[in-house]
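What Swiss-Prot lists as substrate binding site is 11, 43, 75, 89, and the listing cites sequence analysis. If you look up Swiss-Prot, you'll see 11, 12, 19, 90, 91, 92, 100, 125, 126, 127, 128, 129, 130, 131 marked as ATP binding site. The annotation site 'Transition state stabilizer' is assigned in Swiss-Prot to 19.
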């Protein structure tokens, strides 16, 4: 049997401690884990795809089986190109489940060979989102407990221009 390969897609604008928690836990389960950084055209990003990738590479440097790449198009197609058999999605609350279930069902329809794995976030991060981090930081709030230090510095630099 070959390597167990999975993809964790997201905009990660910016990556939070909640994202990192899911990545670290998935990295223990899968032999190879691709963090695919997406550019969501419906959102105005704070960071470029390249900046987000660099931050993710820094905070996952201790995980040798994690690879950070940018991706566009359908996640299920990207996963297939990488030889992945799984897409990992973090769930913060029941409210995330309905949306994620619809996406998982569509992905299953498009490619029945790729499973979606839902991972419940650590309860201490259940309220956390990139949008919330940006909102707090915009008003000079303290985000040190919400994001890795490299991200804290980068977010502060963006809002203190």
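Glycine is treated like the rest: Cβ placed from N, Cα and C.
All protein chains included, residue 128 (ATP binding site) registers 20 other Cβ atoms within 10 Å of its own Cβ.
Looking at residue 43 (substrate binding site) and residue 126 (ATP binding site), their Cα atoms lie 22 Å from each other.
The number of other CB atoms found within 10 A of the CB of residue 130 (ATP binding site), across every protein chain shown, is 25. Cα proximity to residue 89 (substrate binding site) (within 10 Å) is found for the following binding-site residues from 100, 126, 128: 100. Listed binding-site residues: 19, 43, 89. The one with the lowest count of other Cβ atoms within 10 Å of its Cβ is 43. Distance from the CA of residue 75 (substrate binding site) to the CA of residue 19 (ATP binding site) is 17 Å. A separation of roughly 24 Å, to the nearest angstrom, links the Cα atoms of residue 126 (ATP binding site) and residue 75 (substrate binding site).
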